[in-house]
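Taken from Swiss-Prot, the feature 5-phospho-alpha-D-ribose 1-diphosphate binding site covers GLY103, 106-107, THR111, 113-116, 131-139, GLY143. The anthranilate 1 binding site annotation in Swiss-Prot covers GLY103, ASN134. The annotation Mg(2+) 1 binding site is assigned in Swiss-Prot to SER115, GLU248. Per Swiss-Prot, the feature anthranilate 2 binding site maps to ARG189; the stated evidence is sequence analysis. Swiss-Prot lists ASP247, GLU248 with the feature Mg(2+) 2 binding site.
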Amino acid sequence: MVLSSQPPSSRSATGSVLSWPQVLGRLTAGQDLTRGQAAWAMGQVMTGNARPAQIAAFAVAMKMKVPTAAEVSELADVMLSHARKLPTEAICQDIGETVDIAGTGGDGANTVNLSTMAAIVVAAAGVPVVKHGNRASSSLSGGADTLEALGVRIDLGPEQVANSLAEIGIGFCFAPLFQPSYRYASAVRHEIGVPTVFNILGPLTNPAWPRAGLIGCAFGNLAEVMAGVFAARRSSVLVVHGDDGLDELTTTTTSTIWRVQAGTVDKLTFDPVEFGFARAHLDDLLGGDAQTNAAKVRAVLAGAKGPVRDAVVLNAAGAIVAYAGLSSHAEWSPAWDDGLARASAAIDSGAAEQLLARWVRFSQQV
């Protein structure tokens with residue numbers, strides 16, 4: 001999909017001139033925005049034309065009203081129109097479709113970087129991964145922090161990320177580098193200190209436009225909204241929310257999955273016990289600073305058994321299932337059996353450990 005880099009129109013779908021009082025007035029009255037209003041507001045934010053008070057008011061009012069999938073789609077599309085572009089056509093020609101494994105953050109649980117570990121395992125299983133991420137949101141160490149501690153350079157530009165994807169099977173898009181215009185909202189978001197609609201935009205704005213994903217959402221009431229955005233894109237995505245609050249597929253209890261495929265959304269309850277996993281305790285999955293989490297990554301990839309490995313295998317399998325969903329012939333249970341087997345084999349064979357070593361070398365040499 002090609003997005004225009006031009007700023008959004010200053011008029012609404014009805015032809016009226018747009019303004020902050022008009023947009024904020026609808027939101028504070030609990031009314032959904034009309035078509036184009038969310039895009040206009042995000043355009044103001046991304047071009048530096050919105051004042052911090054306007055950005056904060058928009059973010060909080062949108063949260064209190066509860067955003068619709070249409071509104072969030074407009075916000076994400078404007079963000080993507082301002083993002084640095086990856087050569088997606090060349091990527092698809094070389095390796096086919098890709099998958100993202102990411103979460104909103106904000107669950108406050110301070111777990112290890114499960115999505116980062118799962119991404120490495122998925123790539124080692126032969127599924128191309130382009131991950132979009134940032135530094136810590138609510139934990140001591142975000143995915144970017146842990147990758148740095150492992151020796152992976154996170155400051156690669158679009159061509160370098162594309163080359164990493166082609167050569168190694170995995171690439172990392174560091175959000176501040178690929179979304180420089182988002183800096184206007186980022187500072188305000190952190191000052192607000194409570195989750196808003198901005199917290200769900202990261203996983204929706206991967207500049208490589210992967211068509212598949214395992215996307216975690218810490219906010220149960222917004223997970224279905226995210227699923228609606230992916231459905232409109234006709235992506236194959238599992239939007240997941242651990243019923244313990246994690247923005248991952250959890251092993252401590254059940255998870256809720258919004259399965260997005262062929263433009264439809266199905267809501268499911270997923271219990272890992274049915275696939276042979278033991279119940280874990282949240283304490284088993286706790287992380288630490290970047291060095292501590294990097295050590296846990298190395299241990300899992302070296303073959304260490306236990307709750308962290310179980311959670312990594314489960315989430316890696318979920319991403320493989322989402323990728324399989326790009327085919328209209330994919331079946332749910334067989335896809336899970338295949339995904340779990342491939343994820344386990346990627347670790348046990350040493351392939352995941354070797355892929356990380358190659359990724360570190362490649363990123364340091366480009």
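Backbone N, Cα and C define each Cβ position, glycine as well.
A Cα-Cα distance of 10 Å separates ASN134 (anthranilate 1 binding site) from GLY103 (5-phospho-alpha-D-ribose 1-diphosphate binding site).
Between the alpha carbons (Cα) of THR111 (5-phospho-alpha-D-ribose 1-diphosphate binding site) and GLU248 (Mg(2+) 1 binding site) lies a span of roughly 10 Å. A 10 Å cutoff on Cβ-Cβ distances gives ARG135 (5-phospho-alpha-D-ribose 1-diphosphate binding site) a total of 18 other Cβ atoms nearby, all chains included. Put simply, SER115 is the one of the binding-site residues SER115, ARG135, ARG189 whose Cα lies nearest to the Cα of GLU248 (Mg(2+) 1 binding site). Taking the binding-site residues HIS132, ARG189 in turn and counting surrounding C-beta atoms within 10 angstroms, the largest count is reached at HIS132.
Ranking the binding-site residues SER115, HIS132, ARG135 by the distance of their Cα atoms from the Cα of ASP247 (Mg(2+) 2 binding site) places SER115 first. The number of other Cβ atoms within 10 Å of the Cβ belonging to ASN134 (anthranilate 1 binding site), over all protein chains shown, comes to 20. Reported as a whole number, the C-alpha separation between ARG189 (anthranilate 2 binding site) and ARG135 (5-phospho-alpha-D-ribose 1-diphosphate binding site) equals 14 Å.
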